[in-house]
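Student: Structure provided below as structure tokens; questions to follow.
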């Protein structure tokens with residue numbers, strides 16, 4: 001009789017595992033009630049904001065936007081279209097496709113979570129099968145071999161449902177890694193600009209980085225390049241002398257008016273990284289999308305703003321994390337149920 005009751009109890013516990021924690025995203029810590037005295041209304045509102053940022057994957061959902069080895073604002077990085085130092089941009093990813101036995105760089109990407117890389121949707125126009133892709137993370141030399149560099153297969157590619165290839169509207173995509181990457185001094189996520197009320201202007205310190213061509217008719221490089229750029233007003237970018245009104249509200253321009261610093265072919269999908277002094281962190285304020293040529297006067301690079309896609313991005317982050325938790329809990333439940341049957345058989 002006792003064994004029978006034990007079996008029923010185990011069945012109850014097993015079934016409860018199917019649903020427990022289902023609504024708690026992976027990698028987040030649920031905050032219980034504080035043992036401190038009742039907080040003021042201002043303190044309560046601050047807590048609510050922090051919790052909301054955690055749920056939505058905001059600026060401080062995890063430590064992000066800092067490079068352990070370098071500090072760009074102290075002049076330790078080479079700026080101006082030259083070689084980036086190792087560890088300078090630990091969130092920059094090389095997205096590669098295998099041709100024969102060789103992996104070839106196709107597009108850039110940005111590590112925003114331990115299993116998520118942000119990139120441009122048009123990078124996948126000729127290769128939408130995730131099995132074709134590999135993410136190379138934690139290197140400035142894509143031909144080098146280093147213990148801190150990781151090569152991870154892609155589990156899924158998620159393209160924005162309203163992406164239009166002809167106009168590059170909604171040119172945003174997510175690569176879901178097959179396994180979580182472990183952070184180190186050379187691999188760190190950048191912050192997403194959610195709940196960050198910062199208007200970009202010409203004084204905001206922003207940087208581009210990638211393995212693309214160093215000039216319009218030149219060759220790609222195996223050494224990561226970087227340069228400082230600045231935001232260019234929508235009025236100037238959409239003027240008749242520039243893009244003539246084709247830049248949508250979800251995109252913007254950055255570079256410089258003379259075209260001295262710009263992204264080029266092979267840099268697509270990589271980040272526009274801006275340092276926000278209020279947070280003392282870097283944020284991915286743009287995704288490299290397209291441009292008219294490379295480095296042409298009056299035609300700066302065009303970037304997609306991730307902040308316009310907060311709902312779409314967070315839905316995928318949350319869905320993937322809860323799906324993983326549910327799978328684990330179902331497995332636990334199945335194991336416990338199997339154990340119950342073993343106990344029942346042993347008592348008959």
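Glycine residues also receive a Cβ, built from the backbone N, Cα and C atoms like all the rest.
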Student: What range among 24-46, 47-69 does Swiss-Prot record as region 'Disordered'?
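Tutor: It is 24-46 that Swiss-Prot annotates as region 'Disordered'.
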Student: Looking at the recorded positions 171, 206, 268, whose Cα is closest in space to that of residue 107 (disulfide bond)?
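Tutor: It is 268, whose Cα lies nearest.
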Student: State the count of C-beta atoms found within 10 angstroms of the C-beta of residue 274 (disulfide bond), not counting that atom itself.
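Tutor: Counting Cβ neighbours of residue 274 (disulfide bond) within 10 Å gives 25.
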Student: Sort the recorded positions 122, 123, 253, 274 by C-alpha distance from residue 171 (active site, charge relay system) and give me just the closest.
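Tutor: So, spelling it out, the nearest of the recorded positions is 122.
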Student: Near residue 123 (disulfide bond) in space, meaning Cα within 10 angstroms, which of the recorded positions do we find among 206, 237, 249, 268, 274?
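Tutor: Those near residue 123 (disulfide bond) - Cα within 10 Å - are 268, in sequence order.
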Student: Out of the recorded positions listed (122, 237, 249, 253, 274), which are within 10 Å of residue 268 (active site, charge relay system), Cα to Cα?
Tutor: 122
Student: Would you mind checking how many other C-beta atoms are within 10 angstroms of the C-beta on residue 123 (disulfide bond)?
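Tutor: So the number of other Cβ atoms within 10 Å of residue 123 (disulfide bond) is 26.
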